[in-house]
Amino acid sequence: MIKPEARLHILYDISKELISSFPLDNLLKAAMNALVEHLRLRDGGIVIHGSGGEPWINVRAPIGDDVRSRSLTIEQADAINRVIASGEKHFGKNSVVLPVKVNRKAIGALWIDFAQKSGAQDESLLAMIAVLIGLTCQRDRELCSDGGSVAEEQQAGQIPKIKPKPHPTQLDKIDWIVGESPALKRVLATTKIVAATNSAVLLRGESGTGKECFARAIHALSIRKSKAFIKLNCAALSETVLESELFGHEKGAFTGALLQRAGRFELANGGTLLLDEIGDVSPQFQAKLLRVLQEGEFERLGGTKTLKVDVRVICATNKNLEVAVLRGEFRADLYYRINVVPIILPPLRQRDGDISLLAQVFLEQFNNANDRNCDFGPSAIDILSKCAFPGNVRELDNCVQRTATLASSNTITSSDFACQQDQCSSALLRKADGDGIGNDAMNGLNSRDTMSGGLCAHAGTPSGAAATIEAAGLTERDRLIKAMERAGWVQAKAARILGKTPRQVGYALRRHRIDVKKE
C-alpha cells in the first residue's frame, strides 16, 4: 500500500521524466525506473505497439541482475494482449495491467506485479500514470509528419522531420505565442492535444512565462472556442470578494449588494474559466471550490437556488502545490481534481533563440502604439540573448519598452540597455537568489520556503529591504516578523518589502499565528 504523501512524489517524479526531450523509449525507461524507486515491485513494464500494431517498445522494470534475460510468462503476455485489444484494465491477485491510450485507442499497456497487496488508491495512481504515458506517446506521434512516431523513425534510421499537416486549419495557428525553440514546441504540441478534450489543466511555471497565453490557446483550440473565456486572479482578492466574484451574489446578500450579480462561473458557462494563482487560495475557500469543480453546481452568495454550469476549468500557479499539500496548506483532493493534465511552461532562459523573436515582436508593438520607427542594432540582440530574465517574457517586454522609450535614437544599441548602465532592476533578484534563479519554479516546486521563493515567484517587485531579509537566512516566520517590524506593522508596506500581495501576507500572518501589533 502506497502512503498518501508518497503518491504525490511518485506522480511528480513520473511527470518530470515524461516531459523531457529525450527519445520515447528513454522517457519510458526513466518512468519505469521512477516506479521501481518508489514502489515495491516483483515485476513490471511498459509495452507500446507501433503504428502498424506490432510491438516496438518493451520497457522492463530494472529488477534483478539482468533485465534482458527475463521473458514474460504466458499469463503476463496474455493479460497484456487482452488489455491492448479491449482497451480495458485487468486485475490479478497482486497485479494490474492498464491500457495506454492515444486518441481513445489502446496502443500499449502499463503492467505491474506488486510484491505485496495493493489498494484501490494504488491502482488509481497507476491509472493516472498510464494516462500521462499515453499523452507522451501521442505527443511523440504528433511530431511525426505521417502519423507514425519520431521514435519509430529513429529506429528505422530516418531523421524525423516536423512538417505541417497536409491540410492545416486555423486550429493549428496560435498567433499570440511566439517562438521556435524545441522547449516551446513540445509544450505547444501538448497544448493542442489537451485542447481537444475537456480535461482539467494545471499550467505551471515561473512568473512571466505566459500561463494566461497558453490558457487562451487551449480555449481557442477547443470546441468551446465560440463561448466565453473568463479569467480571475485568485491572489488579488480577499476570500469574501473572491467568493462573490466566482459564484455571484443575490441582491442584499451583503452591504452594498444593491443588485443581483452573476459570478465568473455563470459567465463562463459553456466556455472556459482560468483560475490564476490557484496556489494562493485559502484552505477554507478550497472546500467551496472543490464542490463546484466536482459537481458543477453552486449557489450565489446569499442565495438558496442551486445553479448548474458546464465550464472547463484551467488553473495556473507558480507555487509548489506538492509541498503545500504535505504541509496541509492545500487540499489533496483539490490538488488531484485540478492536476489532471499538468503542463509545465519553460522559463525564457530555456527557450533557445526565442528571445530575439520575442524582442522584435515587442518592439513592433511599441512602434505601433507610439508612432515610432525603432529597430535593434547588431549588438542589441546579443545583449538581450545573454540576459537570464528572471521575470521571463514579462520582463523582456518591459525591458524592450523601457529601452525603446529612453533610447537616444531610433536604432537601439547595446549602450541603451539599463544593464549596461548598472541600472537593471532585476539584478537585485539575481543577487538575492544566485545565478540559478528560479530553476525549480518551472515545475512550481521550490526547495526553499514559499516566502523565500516569493522574491522570484511573484510579479511584485521586492524592495532592497527584501534582499537584506532574504540574505539573513531567517525562517519564513522570522522573515515575516522582520518585514512587519520594518513596515510599522502595516501589511501593505510589508507586502511591498516581500514582493507579495497584502492578502498573501495576511494569510501568512494567520498561518503562523502572528498577532498584528498596533503602533
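Including glycine, each Cβ sits where the backbone N, Cα and C put it.
Noted in Swiss-Prot for the protein shown:
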DNA_BIND  491-510  DNA-binding region
BINDING   205-212, 268-277  ATP binding site
BINDING   Cys419, Cys424  divalent metal cation binding site
DOMAIN    177-405  domain 'Sigma-54 factor interaction'
REGION    406-476  region 'Inter-domain linker'
REGION    477-519  region 'C-terminal DNA-binding domain'
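Cβ packing within 10 Å was compared across the binding-site residues Leu275, Cys419, and the lowest neighbour count falls to Cys419. Here the region 'C-terminal DNA-binding domain' (477-519) is broken down by DSSP into helix, strand and coil counts: 28 helix, 0 strand, 15 coil. Neighbour list (Lys211 (ATP binding site), Cβ cut-off 8 Å, at least 6 residues apart, same chain): Leu203, Gly205, Asp276, Ala316, Leu345. Counting only the Cα atoms, the space from Thr272 (ATP binding site) to Cys419 (divalent metal cation binding site) is about 40 angstrom. Sequence-distant contacts of Asn269 (ATP binding site), defined as residues of its own chain at least six apart whose C-beta falls under 8 angstroms from its C-beta, comprise Lys227, Ala228, Val309, Asp310, Val311. Leu275 (ATP binding site) sits 35 Å from Cys419 (divalent metal cation binding site), counting Cα to Cα. Counted within 10 Å of its Cβ, the other Cβ atoms near Gly205 (ATP binding site) come to 24, all protein chains included. A strand conformation is recorded for Thr272 (ATP binding site) in the three-state DSSP classification. Following the DSSP three-state reduction, the secondary structure of Lys211 (ATP binding site) is helix.
When the alpha carbons of Cys419 (divalent metal cation binding site) and Gly208 (ATP binding site) are compared, the span between them is 19 angstrom.
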